[in-house]
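In what follows, a structure is listed as structure tokens, so that the remarks can point back to it.
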Amino acid sequence: METSSYLRLCFILFTLLLISVCPWSPVRYTFKNRRIHTKFGSILEAQVPKPNNLFADTPLHPLDPLTAQEIIKTRSILLSYAPFSSSFPAIHSLYLDEPEKNQVLEWKKGDPIPPRKAHVIGVLGRQTHVLVVDLDLGLITSHVTDPGSGYPALTMEDLSAALQVAHSNEEFNNSIRARGVEFSDVSCMTPSVGWYGLNEEGRRLVKVQCYSGQGTVNYYMRPIEGLTLTVDIDRQEVVQFSDTGRAIPIPNSANTDYRYTAQDDAPKMEPLNPISIEQPKGPSFRVEDGHIVKWANWVFHLKPDHRAGMIISRAMVQDSETGGLRSVMYKGFASELFVPYMDPDEAWYFKSCMDAGEFGLGITAMSLVPLNDCPRYAYYMDGLFVGPDGLPYVQPNMICLFERYAGDISWRHSELPITSMEIRESRPKMTLVARIVASVGNYDYIFDWEFQTDGLIRIKVGLSGMLMVKGSPYENVRQIPKKNELYGPLVSENVVGVVHDHFITFHLDMDIDGTNNSFVKVKLVKEKTVPGQSPRKSYLKAKRRVVEREEDARIKLKLYDPSEFHLVNPSKQSRLGNPTGYKVVPGGTAASLLDHNDPPQIRAAFTNNQIWVTRYNRTEQWAGGLLAYQSKGEDTLAVWSERNRPIENKDIVLWYTLGFHHIPCQEDFPVMPTVSSSFELKPVNFFESNPILRAQPNFEKDLPVCRPSSSD
Ligand SMILES: *[C@@H]1O[C@H](CO)[C@@H](O)[C@H](O)[C@H]1NC(C)=O
Ligand SMILES: *[C@@H]1O[C@H](CO)[C@@H](O)[C@H](O)[C@H]1NC(C)=O
Ligand SMILES: *[C@@H]1O[C@H](CO)[C@@H](O)[C@H](O)[C@H]1NC(C)=O
Ligand SMILES: [Cu+2]
């Protein structure tokens with residue numbers, strides 16, 4: 001058990017385990033052991049009610065995650081199902097099969113909850129089983145085997161098995177010894193194989209690559225370069241062994257430890273005085289029934305998800321005139337995260353992971369670090385996930401929710417003295433943030449959904465953690481031959497930071513004032529004046545065009561041919577007759593430049609465009625396909641869009657891909673300062689006028705003042 005906290009960190013993209021310890025011991029939920037999680041600060045403890053329906057017998061909202069009892073019930077229904085009577089499948093996912101959208105929309109608090117169903121993916125005897133379990137009927141209502149070319153996300157047991165196989169491989173053993181590495185110092189990761197052709201099909205494969213942890217916790221910076229095992233997870237055998245890097249030294253451990261306790265020099269800068277934002281009256285948001293968040297003019301349902309990390313549903317904002325709640329978004333979440341590395345070498349070409357579908361952004365979202373990941377007054381929500389044995393376990397404090405005041409201005413105006421009006425009007429900007437951080441192996445992805453009182457939603461992704469680096473014979477750029485054969489910059493002695501991209505594709509089921517919406521391109525076109533019309537020769541004109549079909553809603557952003565992209569409700573108009581709407585405001589606009597027929601890009605064809613709009617279909621949730629692992633790309637957003645369905649005045653889904661090109665640099669070593677990008681969903685003619693005109697300014701008398709305390 002001394003390894004359990006370490007092992008929890010392993011459930012990852014490139015899973016890593018010390019080679020000598022592989023059993024998985026997750027924290028198990030038991031009814032006897034009813035844990036109340038330690039929160040931070042007893043005053044806030046009293047002020048913020050804790051979610052308790054993880055432990056409730058019954059869900060309180062149609063979209064609430066399965067409760068522990070429901071998970072246990074699902075498991076027992078599966079156990080007594082004939083095809084599984086002799087052996088139980090390894091459970092790769094087991095979660096709420098959400099009710100039909102209309103059932104959720106019609107539901108009101110106090111109504112009975114629509115029938116509860118579990119969606120289960122299991123692997124048994126080399127077959128993938130996708131099942132729907134009706135919890136009320138106690139029956140399996142749907143059972144399909146091998147519905148696609150791919151496999152479900154790997155489980156911890158798969159990864160442990162692969163590492164065991166590597167561990168007992170003689171060639172591997174020889175290579176480790178030949179490089180002078182002690183077995184006790186070896187840490188390994190399990191990158192996914194992607195999909196590169198026939199000889200990889202019909203079996204679940206994973207790569208194993210290792211590092212030396214000697215002298216550092218940051219083994220990521222000490223690759224045992226060029227040593228790659230391809231392991232058949234189910235047959236438990238090495239199908240390919242590749243050892244090309246014996247001449248490449250393992251980089252030194254000096255200066256790689258990133259922990260505070262390991263720094264023996266003070267920073268070369270003046271220390272900052274502490275800053276803390278206090279809310280003596282407590283936060284202004286409430287979390288009701290475990291998952292309903294109410295703050296200022298917003299209400300939404302928030303839940304952890306094993307694959308997406310977190311899901312925001314039924315986001316509604318109050319009308320600024322009537323106070324009535326209006327629908328903005330039915331459901332929003334990170335659907336897939338694609339990270340292709342740009343190195344064709346034997347030990348690198350396959351690195352093109354899809355972290356949500358291959359490993360899971362929720363399962364890898366560890367407990368947040370109080371006061372550092374989230375401010376003091378944050379509220380924490382636990383995840384309830386399911387292990388390979390079908391039993392639930394708690395992922396404590398994986399989402400935090402807090403109000404942010406970052407010193408920004410929400411609107412202002414001041415008058416110049418010439419007007420003789422002494423006007424200085426300003427309003428502070430307070431926002432509400434829901435955050436998770438997924439530690440997908442070496443990388444940490446910070447996901448923020450930020451809500452503003454003016455109706456704007458900002459979706460931000462921050463990247464930190466460790467680079468995936470490549471060992472190199474070179475210690476200095478001067479040694480690198482003119483014909484530079486490196487696939488990235490030298491970031492430390494013998495360490496190359498390989499160039500790569502990150503693409504996060506969001507599923508945004510916008511329902512502006514109802515389900516039937518249209519997608520409108522508002523193109524800015526250069527118009528020319530006719531001679532004599534004006535001293536001006538040119539001007540820009542905004543031209544609106546409603547998009548009829550999916551094909552015309554595949555958007556590649558263009559700086560010199562710009563458009564705005566609106567989602568409107570054509571049957572709901574403002575006082576002035578404009579359709580009510582929201583627009584997507586792009587940001588993080590790096591595009592994938594890989595060949596469209598490069599295998600990783602075929603699988604990740606959902607990154608061929610920055611924006612897509614598709615017809616709503618409840619099964620089209622995962623941009624890389626339901627079964628993404630080793631998939632060939634036959635179930636992606638790009639394929640769905642090919643159906644070219646009509647999307648005018650229909651229930652439609654917006655997809656936005658936030659992209660980053662990452663050319664590493666020295667500052668990314670040994671741990672990367674956070675780099676972030678965001679995009680926004682912003683109201684357009686949704687409100688009759690500025691919805692926060694009547695917002696209150698800050699006054700000195702209303703704000704807490706904290707005095708320096710005496711030092712005892
Ligand atoms: C590696 O091989 C050596 C020599 O055969 C053996 O003593 C050792 O136990 C092996 N190590 C592991 C981790 O299997
Ligand atoms: C949405 O449009 C469909 C036709 O495409 C229609 O049948 C349905 O009634 C509309 N729904 C609403 C809520 O207006
Ligand atoms: C919904 O999507 C699935 C998967 O893409 C597809 O098989 C099905 O035909 C779609 N249903 C409709 C009504 O388009
Ligand atoms: Cu990166």
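Any Cβ shown, glycine's included, is placed from N, Cα and C.
If you look up TrEMBL, you'll see 1-24 marked as signal peptide.
Feature annotation from TrEMBL assigns domain 'Copper amine oxidase N2-terminal' to 61-141. Each residue in the domain 'Copper amine oxidase N2-terminal' (61-141) has a pLDDT score, and their mean in this model is 96.
Annotated domain 'Copper amine oxidase N3-terminal' per TrEMBL: 152-251, in sequence order.
What TrEMBL records for 276-692 is domain 'Copper amine oxidase catalytic'.
Within 10 Å of the C-beta of ASP355 (active site, proton acceptor) there are 30 other C-beta atoms, taking all protein chains into account. The active site, proton acceptor annotation in TrEMBL covers ASP355.
Around the Cβ of TYR443 (active site, schiff-base intermediate with substrate), the number of neighbouring Cβ atoms within 10 Å comes to 24. According to DSSP, TYR443 (active site, schiff-base intermediate with substrate) is assigned to a strand segment. According to TrEMBL, the feature active site, schiff-base intermediate with substrate maps to TYR443.
What TrEMBL lists as 2',4',5'-topaquinone is TYR443.
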Exercise. ASP355 (active site, proton acceptor) to TYR443 (active site, schiff-base intermediate with substrate): how many Å between their Cα atoms?
Worked result: 10
Exercise. Would you list the DSSP helix, strand and coil counts for the residues of the domain 'Copper amine oxidase N3-terminal' (152-251)?
Worked result: 30 helix, 30 strand, 40 coil
